[in-house]
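Please see the structure below; I have some questions.
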Amino acid sequence: MAEWKTKRTYDEILYETYNGIAKITINRPEVHNAFTPKTVAEMIDAFADARDDQNVGVIVLAGAGDKAFCSGGDQKVRGHGGYVGDDQIPRLNVLDLQRLIRVIPKPVVAMVSGYAIGGGHVLHIVCDLTIAADNAIFGQTGPKVGSFDAGYGSGYLARIVGHKKAREIWYLCRQYNAQEALDMGLVNTVVPLEQLEEETIKWCEEMLEKSPTALRFLKAAFNADTDGLAGIQQFAGDATLLYYTTDEAKEGRDSFKEKRKPDFGQFPRFP
């Protein structure tokens, strides 16, 4: 078993690391890991830290226990206009979390056991990969409880499973077992519950062996197809970052600092 080390301490999540892998766990098993604005704020903080940590190459998102990955927003704190935290301001800050997961230039893996329902289902959708236990259950509940996700939860879901299936998932609010999810391309693999973490770590370790720059650009390219100009901006930012590491870019910088004309003729013009 992996020996996870606590990276930071939070009230409603766990944030741990192990051999280049960060694991962020929603720690509210008593409510099937439903999230509050505080839960989401803590996840955003942990994801941002994992993004900035150069020792972390892959991030895992999980739920405490084996009964639920995440059951979505905690309906007990849902108020007028959003979910209400200690500051009494209604929020839908999970949208910020979804976007953060998409733009982090590292693979994010959903490790799903039990229920991935509602907003929890959308969280696994926006992750790059999903490893599911054989007890996993997937589905949307929005139209049953007066809610919906008209962003990644529907549009990107349709890219994954097709428009007809995505409409079925949302219009009927049925639940699907792990094998059904695998058959529709909603998850990457299904393993026995007792092997879930072991298999997830195996996938993470395989990715850690790959070029981090290649993975960064591949993620940006995959997302650019669905994220419009914001996706292109992310891809362009990654390209600029890579360009800054070249001798050609350094020549432009240094010539400005040295108040001389840059010598770009020394660099090849590839076809």
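The backbone N, Cα and C atoms fix where each Cβ goes, and this holds for glycine too.
Annotated substrate binding site per Swiss-Prot: 71-75, Tyr83, 115-119, Thr141, Ser147, Tyr244, Lys259, in sequence order, evidence recorded as sequence analysis. Per Swiss-Prot, hydrogencarbonate binding site is recorded for Gln140, Thr141, Gly142, and the stated evidence type is sequence analysis. Marked as compositional bias 'Basic and acidic residues' by Swiss-Prot: 250-263. Summarising the annotation, Swiss-Prot assigns region 'Disordered' to 250-271. According to Swiss-Prot, the feature site 'Important for catalysis' maps to Tyr83, Tyr244, an assignment based on sequence analysis.
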Quick one: which of these recorded positions, Gly73, Ile117, Tyr244, Lys259, have their CA within 10 A of Gln140 (hydrogencarbonate binding site)?
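So the list reads Ile117.
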Can you name the far-off residues of the same chain, 6+ from the ends of the compositional bias 'Basic and acidic residues' (250-263), with a Cβ under 8 Å from a Cβ of it?
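Sequence-remote neighbours of the compositional bias 'Basic and acidic residues' (250-263) do not exist; the answer is none.
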Which are the residues of the chain, Gln140, Thr141, Gly142 excluded, whose CB is within 8 A of where the CB atoms of the hydrogencarbonate site average out, their centroid?
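Nearby residues not in the site list: Gly72, Ile117, Gly118, His121, Gly139, Pro143, Lys144, Val145, Ser147, Phe148, Asp149, Trp170, Cys173.
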Which of Tyr115, Tyr244 (the recorded positions) has the most other Cβ atoms within 10 Å?
Tyr115
Within 10 Å of each Cβ, count the other Cβ atoms and name the one among the binding-site residues Gly73, Gly119, Gly142 with the highest count.
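Top count of Cβ atoms within 10 Å goes to Gly119.
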In whole Å, how far is Gly142 (hydrogencarbonate binding site) from Tyr244 (site 'Important for catalysis') when you measure between their Cα atoms?
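A Cα-Cα distance of 45 Å.
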Please state whether DSSP places Tyr244 (site 'Important for catalysis') in a helix, a strand or coil.
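Going by the DSSP assignment, Tyr244 (site 'Important for catalysis') falls within a helical segment, counted as helix.
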Using DSSP, how many residues in the region 'Disordered' (250-271) fall into helix, strand and coil?
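So the counts come to 11 helix, 0 strand, 11 coil.
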Including all protein chains shown, what's the count of other C-beta atoms within 10 A of the C-beta of Gln140 (hydrogencarbonate binding site)?
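By my count, 28.
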Between Gly119 (substrate binding site) and Gly142 (hydrogencarbonate binding site), find the distance joining the two CA atoms and give it rounded to the nearest Å.
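A Cα-Cα distance of 8 Å.
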On a count of neighbouring CB atoms within 10 A, which of the binding-site residues Ser71, Thr141, Ser147 is highest?
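Ranked by Cβ atoms within 10 Å, first place goes to Ser71.
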Can you grab the distance from Tyr115 (substrate binding site) over to Thr141 (hydrogencarbonate binding site)? Cα atoms, rounded to a whole Å.
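Pair distance, Cα basis, whole Å: 12 Å.
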If you count the other Cβ atoms within 10 Å of each Cβ, which of the binding-site residues Ile117, Lys259 comes out on top?
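Counting every other Cβ within 10 Å of each candidate, the maximum falls on Ile117.
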